[in-house]
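S.K.: Let me give you the structure first, and then I'll get to my questions.
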């Protein structure tokens, strides 16, 4: 009788913890659905554009960035989702390795950005330079630049004269554009009680000196504003970094635990 009871216990015992298995499954499934949403938004934004994106703006196109991030997330979370559900070691190892690679890449970027702040600023400056040059060529890029300038209360990368990089806003004498020497309306300081936005508020601003320009626009560059924002919101930045890293660490740890349990289960059968 005791021997039969022990055999039944041996048959029902499993090294695999169902709580870990199903938590990893639902954890991966949630981010898998989120990745599909990101891809769908990116594809929709890309399709809805009135004109084809200029080749030079392809890598800084917000729609393309959304699609790439979504596809990477889809691949990683798919491996975790199916790997946990089917107890598939190769898929779980792929999931764990991919998450580790993403986490280490983010960590390396953060560390290099901190220790090589000047080089990081120059790299971001090149990105913003392209965004300014192609401001009128890509509607998503235009909306992104306008949002950044409004939220950070800035204009250009170094200062408001950076908008001369753009073909339409270029301040050279021979420029036939009606927007010559202007800046986008997102650089303008809001007028109290204004109901309709004056999109021509930045016209001719580049011909003014710094003190004159402060009467109608934010003359400070977005580079300096971004640094000030980070310094004054260190707690928020730390919370965002922690919120981004914790799910990745949890996924890595849980997948490694599940892999170990599946291997123990296989060893017990053999």
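Cβ coordinates come from backbone N, Cα and C, glycine included.
Heads up, TrEMBL stuff is auto-annotated, nobody curated it.
According to TrEMBL, the protein carries these features:
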- 20-45: transmembrane segment (TRANSMEM)
- 57-85: transmembrane segment (TRANSMEM)
- 97-116: transmembrane segment (TRANSMEM)
- 154-187: disulfide bond (DISULFID)
- 155-171: disulfide bond (DISULFID)
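Explain the structural surroundings of these features, please.
M.R.: Cβ contacts within 10 Å of residue 187 (disulfide bond), excluding its own Cβ and spanning all protein chains shown: 25.
If you draw a 10 Å sphere around the CB of residue 155 (disulfide bond), it holds 27 other CB atoms from the protein chains shown.
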S.K.: Between the Cα atoms of residue 154 (disulfide bond) and residue 171 (disulfide bond), what distance do you get, rounded to the nearest Å?
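M.R.: A Cα-Cα distance of 19 Å.
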S.K.: Can you tell me which parts of the same chain pack against the transmembrane segment (20-45), counting only residues 6+ beyond its ends and a CB-CB cutoff under 8 A?
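M.R.: Same-chain residues near the transmembrane segment (20-45) but 6 or more away: 62-67, 69-71, 73-74, 77-81, 84-85, 87, 95, 140, 247, 250-251, 254-255, 257-258, 261.
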S.K.: Pop the Cα-Cα gap between residue 187 (disulfide bond) and residue 171 (disulfide bond) into the table, whole Å please.
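M.R.: Cα of residue 171 (disulfide bond) to Cα of residue 187 (disulfide bond) measures 16 Å after rounding.
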S.K.: Just name the most isolated of the disulfide-bonded residues 154, 171, going by other Cβ atoms within 10 Å of its Cβ.
M.R.: 171
S.K.: C-alpha of residue 187 (disulfide bond) to C-alpha of residue 155 (disulfide bond): distance in Å?
M.R.: 5
